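**Q** Quick one: structure below, then a few questions.
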Amino acid sequence: MAGILAWFWNERFWLPHNVTWADLQSTEEAAFPQAEDLYLAFPLAFCIFMIRLLFERFIAKPCALGLKVQANGPQKAQPNAILEKVFTAITKHPDEKRLEGLSKQLDWDVRSIQRWFRQRRNQEKPSTLRKFCESMWRFTFYLYIFTYGVRFLKKTPWLWNTRQCWSGYPYQPLMPDLHYYYIVELSFYWSLMFSQFIDVKRKDFGIMFTHHIVTVTLITFSYVTNLTRVGTLILCLHDSADIVLEAAKMANYCKCQKLSDLLFLTFAVVFIVSRLGIYPLWILNTTLFELYEALGNFPALWVFNVLLMVLQILHCFWSYLIIKAAYRAISKGKTGKWNPLHVAKDARSDVESSSDEEETVPRSKAPHSTVTTNGTSGANGTNGYLTAATSSEEH
């Protein structure tokens, strides 16, 4: 193991020429980042996760209920042992052949079976209350850490002149505020890495997971090699748009559509300007050119820049989705008609639906009443399936 670690932390790879790990050992005069410091992130990530649970339970949930956020989940499908077995053991999306077989077995029409599977899938979707609590937690953390980062960075010379990121590198003492900033950010992203598997599932789960892996790798790598000055700029820049995003989600869950629309458009502007403008012109410029001019070439520099370019690719992909969402919203006269980042309301984004979603009891193949196209009886306005339900129970 010692040999593997020695090979992995090869000084010729990670550090500039004529610099050794011994040169970066902390002394009484100056403290430098140490790899051992990062072990603190794991227990702190657990603490952040526990704080999140308490926050969502005792702060976010009462706020959501006070704002009249819907607490109930989607409508439940009626119990049926045969369909439940197919759903859990075989498939959640039966094909036409299987639907025909189930139709004959249960004496239900195919449309009713399709509706049952749709409602059953919706049962596994999180409630609006849960999504609000999750967004409120992230909003609170991002607001806190972004505020902390701005207060810290405005006192530093490298905020105003990025060449200062490399002045005296790698012999730049570790400031206590910088150490705290880095460890808290790393701990938060570690907590997201693990909680993502129990959080609300998003369509871009794989992309977000890749983003978290790259972020944790960048934070770890930049800390160990003392590239922390430029690291603080990257962290603060990325947190800026996330605040507005989570605020837009909360407004949407509260059904404050105009506020949600405004926040979503604000988020789109902040995201695109920060990720496609400031990030490449400010961050990538200093890591690709100013860093090379100041220190020359060494292998770790390329690893660092490759990871930063991966982030930029993700930025471009998300910006494309945001612009596409905004275009559709403007063209249809309503912001958020289709929002890939889960901000605005879309009747089919969170819960599958159809024009007859209110029909909860399946119809027997043999009709027992005359039903209009919207699922109501022409005689009395009832749903028209009461007698059909009785017939199904008899079978």
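Cβ coordinates are placed from backbone N, Cα and C, and glycine is handled just like the others.
Look at TrEMBL and you will find 372-384 tagged as compositional bias 'Low complexity'. The domain 'Homeobox' annotation in TrEMBL covers 83-127. Marked as region 'Disordered' by TrEMBL: 348-395. Residues or ranges marked as transmembrane segment in TrEMBL: 38-55, 179-198, 205-224, 262-282, 302-323.
Describe the structural context of these features.
**A** Tertiary proximity for the transmembrane segment (179-198) is limited to same-chain residues at least six positions away from its ends with a CB under 8 Å from its CB atoms, namely 33, 37-38, 40-42, 44-49, 52, 141, 145, 148-149, 152, 205, 208-209, 212-213, 215-216, 219-220, 223, 228, 231-232, 235.
Residues 162, 233-234, 237-238, 240-241, 244-245, 247-248, 251, 311-312, 315-316, 318-319, 322-323, 325-326, 329, 335-336, 339, 343-344 of the same chain lie 6 or more positions beyond the ends of the transmembrane segment (262-282) yet place their CB under 8 Å from a CB of it.
Within the chain, the transmembrane segment (302-323) has long-range Cβ neighbours (under 8 A, six or more residues past its boundaries) at 207, 210-211, 214-215, 217-218, 221-222, 225, 227, 234, 267-268, 271-272, 275-276, 279-280, 283-284, 287-288, 340-341.
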**Q** Should anything in the same chain at least six residues away from the transmembrane segment (205-224) have a Cβ under 8 Å from its Cβ atoms, list it; otherwise answer none.
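**A** Long-range Cβ neighbours of the transmembrane segment (205-224): 14, 33, 35, 37-38, 182, 185-186, 189-190, 192-193, 196, 230-231, 234-235, 300, 303-304, 307-308, 310-311, 314, 317.
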**Q** When the domain 'Homeobox' (83-127) is classified with DSSP, how many of its residues are helical, how many are strand and how many are coil?
**A** 32 helix, 1 strand, 12 coil
